[in-house]
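A short write-up of the structure that comes next.
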């Protein structure tokens, strides 16, 4: 488990560090885009950029779903063909964007050119999910980290360059669209040697839909409190809540390298990996919650500035919700990997219950909504954990690949045993 297939001593520790650094790079570039936008765009264009980035994040759900589905299938069945479901996923995404983006443009007062460029960028990001999934499923984690960095450079780096060079909103989106498409060729090259086994079962489109639905559910449940806070809180309190959700997102995404590394083994029914992954994510969450309890004011200062220091007393609520949703994330991925039916159902039920509670009985205050979000996350984690640990392996989750090795042709592949 701890050595590469070519005999070099880079194991899971090195792979974890590489994927973590890639994740930091991705999130860093994503953060730079609105920061540069605030400095180079007029308020109206900045608002349009923020809206387009949000729409792009929703469209990007298909990319993550495709990556998870491909990774699970490759880990379970070896070098299985994934071209057909990839083409279908990209085609369906493009069709939905073609229908939905013009409507969004009209309702949200967005320029047609900007919307078109966003569509091109999003389709390229969705297509990239195939090659990232193959690298992840084959446990070629060093190359996966490189692929993540390349995609971020294409998706966000192009926009950063466009803004820095004074291209404005349209110029930045044009640069991002062009670089995102060009990056696809680099991802194909990065994945060289992966190969295709024509005898391996083809990835079913249903698996992609299941993984995509799970990813969308996580996105919705983790943003529901922020949207409700904007709806029900006065402007100042809503702003403070938005700063608090920075802590939530930090606690949610900080340990996600664990899920990335664990997913291929979860797809092969490794229960010990599930226990280890849950323990690591729980430990990370506990550390972040403790830090929030001890230095909540500092956390709010770093996230939003000195004006929000007094909100530090609520830091534990936000960090706790993020830590619990990080557990939910790894558990939901475990259920997807085990081919469970409707793995995202608990998330949709929790979201509906949370929205109903906030609308009807929860006090419309920062601690009221944040506390309700924390309680929702706790119940969701408990239910999802019970389902993940009590479920029996599905017949669809049976592995057909040899146990001796993960793949061939790579130089950073971890053995399965």
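Glycine is treated like the rest: Cβ placed from N, Cα and C.
The annotation transmembrane segment is assigned in TrEMBL to 12-36, 48-73, 85-104, 110-132, 144-165, 171-188, 208-228, 240-263, 275-303, 315-333, 345-363, 369-390.
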Using a Cβ distance cut-off of under 8 Å, indicate which of 12-36, 110-132, 345-363, 369-390 has the most pairs with the transmembrane segment (48-73).
110-132
For the transmembrane segment (12-36), name the stretch out of 110-132, 144-165, 171-188, 240-263, 345-363 with the most CB-CB pairs under 8 Å.
144-165
Listed stretch, out of 144-165, 171-188, 208-228, 275-303, that has the most CB pairs under 8 angstroms to the transmembrane segment (315-333):
275-303
Folded-back contacts onto the transmembrane segment (144-165), same chain, C-beta under 8 angstroms, at least six residues removed:
15, 18-19, 21-23, 25-26, 29-30, 32-33, 36-37, 40-41, 121, 124-125, 128, 131-132, 135-136, 171-183, 186-187, 190-191, 260
Positions whose Cβ lies under 8 angstroms from the transmembrane segment (110-132), at least six residues beyond its ends:
48, 51-52, 55-56, 59-60, 62-67, 70, 82-83, 86, 89-90, 93-94, 97-98, 101-102, 104, 144, 147-148, 151, 154-155, 169-170, 173-174, 176-177, 180-181, 183-184, 187-188, 190-191
Which bits of the chain, at least 6 residues beyond where the transmembrane segment (208-228) starts or stops, bring a Cβ under 8 A of a Cβ in it?
57-58, 61-62, 64-66, 68-69, 72, 85, 88-89, 241-242, 245, 248-249, 252, 321, 325, 328-329, 332-333, 335-336, 342-344, 347-348, 350-351, 354-355, 358-359, 369-370, 372-373, 376, 380
Interface-richest range of 85-104, 171-188, 240-263, 275-303 toward the transmembrane segment (369-390), CB pairs under 8 Å:
240-263
